[in-house]
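Here TrEMBL flags 93-144, 437-489 as domain 'PAC'. Look at TrEMBL and you will find 324-372 tagged as coiled coil. According to TrEMBL, the domain 'PAS' annotation covers 362-403. Annotated domain 'Histidine kinase' per TrEMBL: 502-718, in sequence order. Residues annotated as domain 'Response regulatory' in TrEMBL: 738-858. The 4-aspartylphosphate annotation in TrEMBL covers ASP792.
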Amino acid sequence: MHTRKPVPAHHAHTLNAASYKNLVEKIPAIVYQERLEGARQVFYVSPQADSFLSCRLAESSAGGDFLEECIHPDDLDRVLEIRHRARREGRPIRCEYRLVGTDGRSRWFWDEASVSREPDGSSSFHGVLFDITERKAAEEALLKRDAILEAVAFAAQHFLRSSLSSVSMESILRKLGEATAVSRVYIFQNHLDEEGRFLTSQRYEWAAPGIEPQIHNPDLQNFPWHAGGFSRWVQLMEKGEPVFGRICDFPPSEQPILQAQGILSLVVTPIFVHNDWWGFIGFDDCVRERAWDRAEIEALQIAADMLGAMIARHHLDKEIFEARHALEQRVRQQTQELTEANRRLLEELRERKRAEARLKTSERHYRELYERSLDGYARLDFQQKILQCNTPFARMLGYDRPEEVVGLSCRDLTPERWRDVMERTLREQVLERGFSDLFEKQLRRKDGTLLDVEVRLYLHQDEQGRPDSIWSSMRDISERKAAESERMKAQKLESLGVLAGGIAHDFNNILTGILGYVSLIRQASAVGAPIESRLEELERGCLRAQDLTRQLLTFSKGGSPVKTTGSLSDVIRESAVFTLRGTATECEFSADENLWMTEFDAGQMAQVVQNLVLNAHQAMDEGGVVRLCLSNQEIKRPGPLPLAPGRYVCLSVRDTGCGIPQEQLESIFDPYFSTKPQGSGLGLATAYSIVKKHGGHLAVQSAVGQGTTFTVYLPVAEAREHEDPGPSSPSVPAGSGRILVMDDDPVVRDVLSQMLEHLGFTCDTSCHGQEAVDLYRKALASGYPYDAVILDLTIPGGMGGRRTLQKLRELDPDVRALVSSGYSSDPIMARPHEFGFYGVVAKPYRLEDLARELQRVLSERTG
């Protein structure tokens, strides 16, 4: 028996130490030893710590505390607990944690350590730290990718179960946002405006709790790609490439709008539909400047592809192809017994049937979408013959079923003026690039009427990629076209109204000068002089012209009525006779003897009568008789009319014309509704509005072939002295005091100052508000203030009466101001006390009107 000669202990130790050190220094890991007894210290660390952690462990080996110096603070308590338990129970250590280097960066390590006994009898940990940073990063990336893909799967299942809607889209975006741990997820859609500019708008959004949503941010609607400084995004996403990174690294032109939303980093990926760049889905991080790894971006691109709504069909076709291919391969390779071959064949057939069933289900879903769409779809050959279409397309053209349309020529259905547009679009766009821009045209319906449509054409290819037909998507835009037409009509009427208002204002200023001078001449002429009757007629003519300007103002603004108390009889009779003058229609008028008084704006009520009488005349093609009747009526209890119990003056206008069909009665007061080719549709609507503003009601009764009766109800005025608008006697009350006049028209200033001086007042004039304020301030300072001020309501380019009064009240809270304006329909003229004025003189006015109003205002102060 051979015995090995023992090696001296010191030699064995030297050899073992050298071999151990050589082995340790070649291992791609950190080897360490930590003493467990006494002061806990790391007394050996292999040199690999230099490359991994910049020598920090090596520095700590001279008696430093390994745990407190190197282990990441977030992992420290957990690692200490594991090591204490291992020391106490004598078990090995197997755990992962982070170590922090001197450069402040941390790396993940797997710790494999066990308790061993040292030659001196002490205990220590012998351990190896394996760098698993890259593995952890890969695991995290895979976890993120798996979470995103799980969200994508959820979205795909959601699409199969229900149609696309805001609710379903929000749930999908929430799932994607939670999977990616971002602040916001959103979808933008590209589109063109009327000028052809390339825009994008936010359609859907999910925002994490505590993050401000941007779905209602107006800057994110109709955002111009190129003018907004985002051409770089367009270039990348048109090629299918994502845009991602930290906002601080983006070009300066892109940063402001992104930083305004609190975004620190983002990733956006394009969405393609039918090979067109439809828009994009974006993911914002508003908490940290995030580094997006490739796995995340790839997963997000998958989400974008899924949103293209074609992936389901693509996968299903691929599944059928693979199933067929696998079946053929197995059939060729079968060499086993017939029973086994048949069994496998039957299994493959079952799989094929399941795939075909899924295909049929998918086709049914697409067919339902195709048939239930609001848009019409049709497939044409290159001679524009209709090969197939959906039901909405057929119904747009006035047919009940698609079979009635198939075989018709789209060229024949297109009016002559649109055929060149269709053929040029086919030639220059569809055949060149495979699709067309959106364009508008008209189609002829089955009943011969024309339908406005919006169309886009697509080139269809067969299985070999050869063009074989053209798909047309069509949308009925008749309502949009009608709305555009009505908007243009309203704009024209608005412009006409502005012109009418300006003419009425200027005309009232002219009439003020004429009527004022007439009043002064009448005062200067002797009583009973031959000229007095002519001056009286001239004054009456000015007052009739005043009614005309009030009608112009009512048309221009539809303002509040400036009411006076009196009888409607004369206004109704004169307006009706004037309207029918020169026509073949006669007018019969009757009124109760003791007709009650009512408050009304004579100009506006004349307009009501003109509209109702003109409507009656137009309803009688051969002429006839329009009967107007004024009567007193008392409503004692609520009835079918929307009127409170009380006393009313009623005006009925009756014709013997064609009558109005019952189905049209509810619409006759709607603006622009008219059954006459030459009608504007505003007459009855204006009349209805005026009556309502008088606190009354306009009713209608009609029978086809018998005629129509319109009835106006106006509330009876409270008992007060009757206001007579006609010419009064030349005598006027005299006055005294100091009056300040502000008016931009020199003619008005001149005649008003002469009228005031004639009445016994001292008068100063100004042409704008600031000058009036300065004069009033000087008068207060002199101790000889103004007793009253007369302010023009409107000063072009300057401070008008309302603002001037505010300034004057700052100087003198008790200032007595009268408002004067040619805009008699202005609310201030109707309700002066609500705006701080004590009285009102509506242009044009007579000397006695001015004297009476000044006397009333000044007497209130003295009283």
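Easy rule for this one: first residue shown is 1, then count along the chain.
Each Cβ is built from the backbone N, Cα and C atoms, and glycine gets one as well.
When the stretches 93-144, 362-403, 437-489, 502-718 are ranked by Cβ pairs under 8 Å to the domain 'Response regulatory' (738-858), first place goes to 502-718. Sequence-distant contacts of ASP792 (4-aspartylphosphate), defined by Cβ-Cβ distance under 8 angstroms and a gap of at least six in the same chain, are MET742, ASP743, ASP744, ASP745, VAL748, GLY800, GLY801, SER820, SER821. Taking H, G and I as helix, E and B as strand and the rest as coil, DSSP gives the domain 'PAC' (437-489) the counts 12 helix, 28 strand, 13 coil. Counting Cβ pairs under 8 Å to the domain 'PAC' (437-489), the stretch among 93-144, 362-403, 502-718 with the most such contacts is 362-403.
Taking H, G and I as helix, E and B as strand and the rest as coil, DSSP gives the domain 'Response regulatory' (738-858) the counts 59 helix, 25 strand, 37 coil.
Mapped onto DSSP helix, strand and coil, the domain 'PAS' (362-403) counts 19 helix, 10 strand, 13 coil. Along the domain 'PAC' (93-144), the predicted structure has mean pLDDT 78. Per DSSP, the domain 'PAC' (93-144) is made up of 12 helix, 29 strand, 11 coil.
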